[in-house]
């Protein structure tokens, strides 16, 4: 059974789809896509369930969401293994993803009250009350790189606010989505409150274009996000939250502990095989002996990164990319940069045919006058040597994206200078730029988003404010307005 609609599992009426373990090419899931008719049934189920779900009240909704957290705790080993099998990420990393899913419950409950709670104040005109109400029926489109944590970051706050959800996961990670929804079912979520439709582009289009959804929350590529933005033009009544990619810069300046700096570079560029939207894509290192020493250490460290299957022992740092197609795409990206004048310092290679296993790459692109402003979504880091700090910041800002950026520097003054000038929604100092806090907003500017930050601020796009002026009874004012008599 592939789809979960109105509290029941259904076989799809579309074409066959499979999910492949990218580390060995084995099929680990198969099903049939949802047709437009099945998507419509899911939307109707969500619509029918929405008002009753809202009227349960926050405390009752929270109790069910906390029951889901208990299910995550009880099934965390199975969920972590499923994520590892389907994405190719090593088990140590998928265990941290499940931990983030569990932690999201308390953070989302806190965010609900802080960002969208109820506030009342007595004023001369009456009691002024600010409340928040759910949008209604929302679609959640999940990505493949964090198939549990990232859609979870939309679904949990949406449900807490009183919305109902149609979840359309990446077609590359359907098994993770199926397990997540089974845990929601075990938690006692009422029928129709969450619905799962699996499929590819046609399924996604049917859901995104459905006239009865009130909002769409998307995490994925900038290209798809821009298409959704165009589609929603002229529909101001629908809320659209886009969390997209980045061509993220990391600048190194005056760091004495170059070993620590190299560690932060590795964690920024190569974790998750470079498949995080916040991964460093461009590295700016000072010209001179100190920069030379750092690069020499970095080259050696990149060459020593362990790559292997998700379940290899001892565990690798990098697992497989999501697919062989993705791996070949990174080889092609490297070749393109070489054609433009780049110089390989560590070659990215496709390690095994039929898999997504690649080695990490490092390429010096200083000689390229105009770098392609592309998000190469994999373990390929572009190095640029710079002369002065202003030049580095100027180059770092030469991107249409604006998701994450970072500075490794011993000087607080340098960081303050950088912070004032860099254009990004996540700006870190002396920390990996893939590091983000669930207690803070997560999002970018430019081609990285549409000013709908997620994580702690996800509550903002899950509800709308309702302002009221209230009194317990109708009463005449002490003085009537001019021209009135009663």
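Including glycine, each Cβ sits where the backbone N, Cα and C put it.
The annotation active site is assigned in Swiss-Prot to 243, 277. According to Swiss-Prot, the NAD(+) binding site annotation covers 220, 221, 222, 223, 224, 225.
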At 10 angstroms around each C-beta, which of the binding-site residues 221, 222 has the fewest other C-beta atoms nearby?
221
Starting from the Cβ centroid of 220, 221, 222, 223, 224, 225, the recorded NAD(+) site, name every other residue in that chain with its Cβ within 8 Å, sequence order please.
218, 226, 227, 244, 245
Inter-residue Cα distance where the pair is residue 225 (NAD(+) binding site) and residue 243 (active site), in Å:
8
Between residue 223 (NAD(+) binding site) and residue 277 (active site), what is the CA-CA distance rounded to a whole number of Å?
13
Pairwise Cα distance for residue 225 (NAD(+) binding site)/residue 277 (active site) [Å, integer]:
13
If I take the alpha carbons of residue 220 (NAD(+) binding site) and residue 277 (active site), what is the distance between them in whole Å?
8
Could you tell me the C-alpha distance between residue 277 (active site) and residue 221 (NAD(+) binding site) in angstrom, no decimals?
9
So if I draw a 10 Å sphere around the Cβ of residue 243 (active site), how many other Cβ atoms end up inside it?
27
Coarse DSSP state, helix versus strand versus coil, of residue 220 (NAD(+) binding site):
coil
